[in-house]
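Please read the structure below before turning to the comments.
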Amino acid sequence: MSDQHDPAPYDALLLLSFGGPEGPDDVVPFLENVTRGRGIPKERLKEVGQHYFLFGGVSPINDQNRALLDALRKDFAQAGLGLPVHWGNRNWAPYLTDTLREMVTDGRRHIAVLTTSAYASYSGCRQYRENLADALATLEAEGLPLPRVDKLRHYFNHPGFVEPMTEGVLASLADLDPAVRDGAHLAFTTHSIPDSAADTSGPATGHGDGGAYVRQHLDVARTIADAVRERTGVDRPWKLVYQSRSGAPHVPWLEPDICDHLEELHGAGAPAAVMVPIGFVSDHMEVLYDLDTEATAKAAELGLPVRRSATVGSDPRFAAAVRDLVLERAATERGTRVERCALGALGPSHDLCPIGCCPARTERPAAAGADSPYA
Ligand SMILES: CC1=C(CCC(=O)O)c2cc3nc(cc4[nH]c(cc5[nH]c(cc1n2)c(C)c5CCC(=O)O)c(CCC(=O)O)c4C)C(CCC(=O)O)=C3C
Ligand SMILES: [Fe+2]
């Protein structure tokens, strides 16, 4: 971890997230926000709406972000870091534009941004950068001073993100019947995205073959599988699989789906499986419905014992990792050399997305990258 304690030049941290409905009346407008201009079939929207209604129209994601905010504030205070932490979303209140306006009105001028997506991809990275550009354009039109916004690097391989998940897998294994524990397979899971989006994820130099999105997930999966093998003395088979597919059926998305994978494992005689949601930062609806409800029901139907391991959520080690990322980037911005923590084989990700990183289908302004129209 970085031993610097100076957040300068930053005067605030912005937690930038997805947002979710907080009651039944929010569900349809939320889904309209998410899918505007994205060509999602009506049938899929109806189905996803039902997932939310099953939980009273409330996504857990907002409370999980509130808990993360608390954890970050507590961690920063304990470390003597006088950095205010704010929160804004892409798709629901508190909206990013409103939060950024408030921050600027309060005098914030150089803001570090943490997104609740740890990996490269259009949805997890550039789209947030586009949201930042849109918000800056609004403030500009309102005649407000523009802050500089710096997006913190992808943290998929930061020990504060990976290690709590490794412990989660160990806990899930311990929770399985000893008779099936050693034979349990590890099914690492993440959000499916279109093949085309995966292939163009990350810097242009690494495009093709699933791009940075797949490579980064494979690296985390291997790191966790290796650590679990070392800690348990058992070498378990593992695979990276996908969930939460949407889009039109004729468009190829990353496969296999977790449910198909469970079926295949069962067919091949696997005695049990642990589903490890490495693609997600908290137990939001994609975890609660797609894994804990749908995939778990599928496993029960098959008679395959499964457990779903924990996401980092507001784990204090994750909060400390965020502090490390802020201080690391602050030191870099000041021109100081600094240690950049990373597990696995890929090394620390870039600070500034290069031109052509995770391109959009239709090019739009994106902030906090080499192609940003803002300083
Ligand atoms: C890579 C990725 C992440 C992980 C990174 C990250 O965390 O950012 C993620 C997270 C999330 N996705 C979420 C919800 C939804 N995603 C949708 C649709 C889509 N996601 C996509 C990708 C991702 N999504 C894509 C390519 C689409 C197709 C439409 C498009 O190209 O934009 C839809 C529309 C209906 C549907 O088709 O499912 C919904 C409702 C929630 C909130 C959950 C809650 O409420 O608790 C979260 C955290
Ligand atoms: Fe999504």
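Using N, Cα and C of the backbone, Cβ positions are placed for all residues, glycine too.
All annotation found in TrEMBL is predicted automatically rather than curated by experts.
Some features that TrEMBL has for this protein:
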BINDING   Ser59, Tyr128  Fe-coproporphyrin III binding site
BINDING   His191, Glu286  Fe(2+) binding site
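Location within the structure of each feature annotated in TrEMBL.
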residue	record	Cβ contacts under 8 Å, 6 or more apart
Ser59	Fe-coproporphyrin III binding site	Gly20, Pro21, Glu22, Phe30, Tyr52, His284, Met285
Tyr128	Fe-coproporphyrin III binding site	Leu16, Arg90, Val113, Thr115, Ser117, Lys151
His191	Fe(2+) binding site	Ser123, Tyr242, Gln243, Ser244, Gly279, Phe280, Glu286
Entries of Ser59, Tyr128, His191, Glu286 (binding-site residues) sitting next to ligand 1, with Cβ under 6 Å as the cut-off: Ser59, His191, Glu286
Glu286 (Fe(2+) binding site), number of other Cβ atoms within 10 Å: 22
